[in-house]
Amino acid sequence: MRSNYCGALRNEHINSKVQLCGWVDRCRDHGGVIFIDLRDSSGTMQITVDPDQGTDLFNIAESLKNETVIQVTGKVRSRPEESINKKLETGQIEVLADVLKVLNPVYGNLPFAVSVHDDEPLKEEIRLKHRYLDLRRERMKKNLHLRHATIQTARNFLEEEGFIEVETPILTRSTPEGARDYLVPSRVCEGEWFALPQSPQIFKQLLMVGGIERYYQVARCFRDEDLRSDRQPEFTQLDMEMSFMSQEEILCLNERLIACIWKKIKGKDIKVPFPRLSWQESMDRYGTDRPDTRYGMELVDVSSIVKDIGFKVFSGAIQAGGSVKCIKVEEGNQSISNVRIKPGGDVFNEAQKAGAKGLAFIRVRVNNEIDTIGAIKDNLNNQQKNELLLKTKAKPGDLILFAAGDTEIVHKTLDKVRQFLAKELRLISTGKSKDQWNFLWVIDFPMFNFNKDEKRHEAMHHPFCAPNAKDIGGDPGLWEENLPKARAQAYDLVLNGLELGGGSLRIHNPELQQKVLETIGIAKDEATEQFGFLLNALEMGAPPHGGLAFGLDRIVMLLSEEDSIRDTIAFPKTQQARCLMAQAPNEVSKRQLKELHIASTWVDNE
């Protein structure tokens, strides 16, 4: 149907006869000559329709609506000097049409303009409802091409490193760890259910037992969890697993992979190796295991300095086993007023969202004099004040913000305030930090969290992470005692405060795997029921192995400089996990439910 793509024509095609297909981006009538911007997936070409070419041709051109699908036959020629568009790669040429055929008209009115010349912002709801139209827009086309290029770059890199791509099952069994599963009833096996995979975790480990050694997959994953801007109920991972590699070898290989992607897609040289921070250091310095290191305001523990100053908020927190920590805001005296820190202010509100009751503060004035609330100023002696200023490295003009209480809440509070102020003070939107890619590995995570409500241990990542051998010792008799305090051989890759992915070395000893499952409350009988096939495999010569997975949607979001992963996915769901275009999820017929031996108990109370 066509001889060339619109965006591929150049000066060397002048005087060539071509046949093009695409959508009418816009039509313009200039003094009796009609100009059509014809758009296809490659770009735009100007079509000129001259009345001298025939009345029928001209009448068709006059009747065209935007987004009509047409076929054009004509000759490529140079544009007149005054018509050259240097902004377009095809801007020096045009096609003089001698045949114009409408392949499919537009019926009715379009819900929004698609033209490359129309950049009017649209509500996301209408974009998602008519996604097939939204995909024609330059923004989405660019994002999907970038996504494709990212995947191809990763594939090429991994295949050069000896990896092979293997698909793992989509219909699998439900297991007790992780988020809620999406369940699929089996018609053939009455009363039984499949689960959609939250990750290919167990299957990729079984591939290592099977001797594959280096596996990767662009894997579809499914999690029934609460959503936000960078989460979807179905998402894509760049998933990997490797045998006979140490943690450091895995980190180094993936640093090179990330550097390769950023060089190919963004043209940026990323310095490797990436910094490594232990989980504990990350929490101590930033209050989070996903730190943004493009700016300062690191946390400082001042508990030992302020414990005896007579301020009950501080002393009470420390006596209860908590802590007092602070961040220093350089030149904060000018940029942050007291009103913003006190109840009702925006800085106060950010702290409150994290669970804090409020923030204390000190303003450093000339000659290191301080302004603060009376309860602190009246009880802080010169030695304590000097120690505080020395430890925080505060100078005149700086503002010190304090959080006190349970250390976990203190960390969440100062992390949230730190991120909020970085945006408010434009620390990450101007200058060097605007185009700064601060990658780092967070390592040495705790193996377990302790769930205070349920009074039991939970795996911080998942129950297949290998513990640090130094932490558990070589004697299996000590595993039960040492495991809860052990560090995992786990690692997360963080970029500018966002987790790009993570992984770990895996347990390849069946006894240790059983003990880890017992530690999180999965008894031996239940472990055999839920994970028996994995435990059996580990008994049959499982190699040392490890891996990781990157969130592909999130990587593409960052590379494309979008704010939401929904703008990097062809057909995403909303934050209510709905597809507005296909109207999914939807009710199904009673006949379908009967075939699956399912009865609905849901009652519409509206």
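Glycine is treated like the rest: Cβ placed from N, Cα and C.
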Looking at the ranges 109-112, 201-204, 241-244, 505-508, which is given as region 'Aspartate' in Swiss-Prot?
201-204
According to Swiss-Prot, R223, D224, E225, E499, G551, L552, D553, R554 bind ATP; which one of Q232, Q489 is annotated to that same site?
Q232
Lowest local Cβ density among R223, R506, which the record lists as binding-site residues, within 10 Å:
R223
Cα-Cα, whole number of Å: R223 (L-aspartate binding site) versus L552 (ATP binding site)?
15
Of the recorded positions listed as H30, H461, R506, the one whose CA lies nearest the CA of R554 (ATP binding site):
H461
Least buried by Cβ count (within 10 Å) of the binding-site residues E225, E499:
E225
Pairwise Cα distance maximum in Å, ATP-binding residues per record: R223, D224, E225, Q232, E499, G551, L552, D553, R554:
20
Quick check on the region 'Aspartate' (201-204): DSSP residue counts for helix, strand, coil, in that order please.
4 helix, 0 strand, 0 coil
Could you say whether, by DSSP, H461 (L-aspartate binding site) belongs to a helix, a strand or a coil region?
coil
